[in-house]
Amino acid sequence: MTVSASLSWTDKVRLVLPTADADRREVSLIQQAQLLPIPTVCSEELAEIQPDHFVLRYSDGCWQLFPPTDNDAFGRHSLGIDFVQNARFNQPMTLREPLAKAAGLRANRRPVVIDLTAGLGRDSWALASTGCTVFAFERHPLIHFLLSDALLRARLEPKTHDIASRIHLYGSDAREAWPENIKPDKDTVWLMDPMFPERQKSALVKKDMRIFHDLVGSDEDADALFVWARQQPANRYVVKRPPQSPALAGAQPSMSISSGRVRFDCYIKPAASLSQ
């Protein structure tokens, strides 16, 4: 996700460091957390946190982002990512589900997937649960940090180790810092789920996702990212969209797969163009 120029998320968030007796696994994440461009508050200085601050801290075994105490619009629940304890991630995605169909998964086909907008990692996890190798990019530093923490914990658990190990996370814009080890080809699937501004403050929007929207903002360059992606080697590009939203960059998809709440627009290159 892109850090919106009109949204100073670095001024809204405070980092609270764990106590000195944190275990060695947490220590490595503390070092990563301290690289975030946000003010740090020690446990002895909690009085410096204002009611309108978001708070990033280690709680109940994982890093979580807690909402301001003076704004009920965000609720009281924290925003965190947990692939281990959350029951929705315990079962692999079936090939009948819309995302699997959109990605072109078959009984004997598990393509490499490049997720350009990983966000909270749900689509990357779902695809990895089927056996796909996923290269996931998340360019917002705060969300990348939360996702890094979730994947690290998932790799340490036997039941989630294999899935988490198939996801390779990068904290950059793919266009600006392309890893040399990723070599897409005609069988690669490119995935995008760009963030757009909320059209209304609907009660249907979960309050923890309002935290996400407020701090992350929107992907204002989604069209440009999509145009760039379609210039890369592949025969299938998938864009996740709200049901009534127009196609990204005005490009009509080869087909669309809807699930009610979302729509997957699929762009498939003709076989004759794959060798070009």
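One-based numbering along the chain as shown.
Quick reminder: no glycine exception, Cβ is built from N, Cα and C everywhere.
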Open item on the list: For the S-adenosyl-L-methionine site that TrEMBL describes with ARG122, ASP123, GLU138, ARG139, which of these is also annotated: ASP70, ASP72, ASP193?
Closed with: ASP193
Task: Farthest-apart CA atoms of ARG122, ASP123, GLU138, ARG139, ASP193, residues recorded for S-adenosyl-L-methionine, distance in Å - done: 16
Task: Candidates ARG122, ARG139: member of the binding-site residues with the richest Cβ shell (10 Å) - done: ARG139
Open item on the list: Name the residue among the binding-site residues ASP123, GLU138, ASP193 whose Cβ has the smallest number of other Cβ atoms within 10 Å.
Closed with: ASP193
